[in-house]
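Undergrad: Not my notes, these are from TrEMBL:
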- A:P2: active site, schiff-base intermediate with DNA (ACT_SITE)
- A:E3: active site, proton donor (ACT_SITE)
- A:K58: active site, proton donor (ACT_SITE)
- A:R283: active site, proton donor (ACT_SITE)
- A:H104, A:R123, A:K166: DNA binding site (BINDING)
- A:2-126: domain 'Formamidopyrimidine-DNA glycosylase catalytic' (DOMAIN)
- A:257-293: domain 'FPG-type' (DOMAIN)
Amino acid sequence: MPELPEVETVRRGLQPAMEGRRITQMRVNRPDLRFPFPARFAARLTGARIDSLERRAKYLVARLSTGEALIMHLGMTGRFLIETPEALVAPGAFHREPGAGAIHDHVIFSLEGDARVTYNDVRRFGYMDLVPLDGLAECRHFKGLGLEPLGNTLSGAMIAKLFAGKFAPLKAALLDQRLIAGLGNIYVCEALFRARLHPEAPAGSIATKTGRPRASAHRLAETIRDVLTEAVAAGGSTLRDFAHTDGTLGYFQHAFRVYDREGKPCVTSGCGGTVTRIVQSGRSTFYCPLCQKR
DNA sequence: CGGTGCACCTGTATGC
DNA sequence: TGCATACAGGTGCACC
């Protein structure tokens, strides 16, 4: 469930259960997720207080009282079950009937105040790591990460500078976390549609030869910001994997204009186009061939 | 170096 | 019903 809006939604859901609380017990049910857990993972977390829970791009970052940070990436199917005495379900978490299957529960945090947070990940593309707090930005996960699209650095001028001279398609450039960090397949499709830009156009085409922004670069910066802001406000998107959630996870999927709408009419009034699906670098791209120009 | 394609893993939907 | 195939929100790495 994990583009920026979904991760931010999860962060907000986990915050009350985790922030300011000490980890009293860790259960780690396997030696690895996508990567092996770091050495003595459970021991290094047990007894630590979580001073804050933050987000960087698609990562969750728990700052710990031990001088380390717990970094969590949700991959494709990572999600959290949150159980606290105050509420059995929190925004951004999934819900499960008591006693229901737990075969993909990989990590369980027990926290002060009888709170419990369970990390569940069917495909295990997610991972967790512990890194020193000092020099967090230089750790191997964050070094080389591009700009935060909801920060104050995203602008038409900045995107033009990043994309200038690139022949990779816009779709690929927007998915490249080294340039802009946090977009994924859904929100790239949606932002390109809103900016009326063709996903196969060369990334460099939004800039002049000298790297100055064209009008399309400004449009793109604005639509990225807009779609992410709206999605965060909606609590992210809930896709097929989460059909059995209780609905607290978000409803932005109802606002998709192109994603997963192959064969449906373009929503632009008077356009008359049909949403089309193509495959770019092995992943589905949805777009309107009439609205979106190269 | 820039760009592309596949591998990683499990579950579900679809078609024969 | 059974079985084969395609596809799914991500990304690290091998390869041209």
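Yeah, the Cβs are placed from backbone N, Cα and C, and that goes for glycine too.
Curation plays no part in TrEMBL annotations; they are all automatic predictions.
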Undergrad: Quick one: what's DSSP say for A:R283 (active site, proton donor), helix, strand or coil?
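TA: Note: A:R283 (active site, proton donor) is in a strand by DSSP.
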Undergrad: Can you tell which of A:H104, A:R123, A:K166 has the least company, meaning the fewest other C-beta atoms within 10 angstroms of its C-beta, among these binding-site residues?
TA: A:R123
Undergrad: Among the active-site residues listed here, A:K58, A:R283, whose Cβ has the fewest other Cβ atoms inside 10 Å?
TA: A:R283
Undergrad: How many other Cβ atoms are found within 10 Å of the Cβ atom of A:P2 (active site, schiff-base intermediate with DNA), counting all protein chains shown?
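TA: A count of 22.
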Undergrad: Just jot down the residues in the same chain as A:E3 (active site, proton donor), at least 6 apart in sequence, with C-beta under 8 A of its C-beta; none if empty.
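TA: The answer is A:K58, A:G182, A:L183, A:G184, A:N185, A:I186, A:Y187, A:A231, A:G236, A:S237.
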Undergrad: Among the binding-site residues listed here (A:H104, A:R123, A:K166), which has the Cα closest to the Cα of A:R283 (active site, proton donor)?
TA: A:R123
Undergrad: Where A:H104 (DNA binding site) and A:P2 (active site, schiff-base intermediate with DNA) are concerned, what is their Cα separation in Å, rounded?
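TA: Distance (Cα to Cα, whole Å): 17 Å.
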Undergrad: Looking at the domain 'Formamidopyrimidine-DNA glycosylase catalytic' (A:2-126) alone, can you tell me the average pLDDT?
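TA: Across the domain 'Formamidopyrimidine-DNA glycosylase catalytic' (A:2-126), the average pLDDT comes out at 92.
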Undergrad: Taking A:H104, A:R123, A:K166 as the record's DNA-binding set, what's the max Cα pairwise distance in Å, rounded to a whole number?
TA: 41
Undergrad: Between A:P2 (active site, schiff-base intermediate with DNA) and A:K166 (DNA binding site), what C-alpha distance do you get in Å?
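TA: Cα-Cα, rounded: 27 Å.
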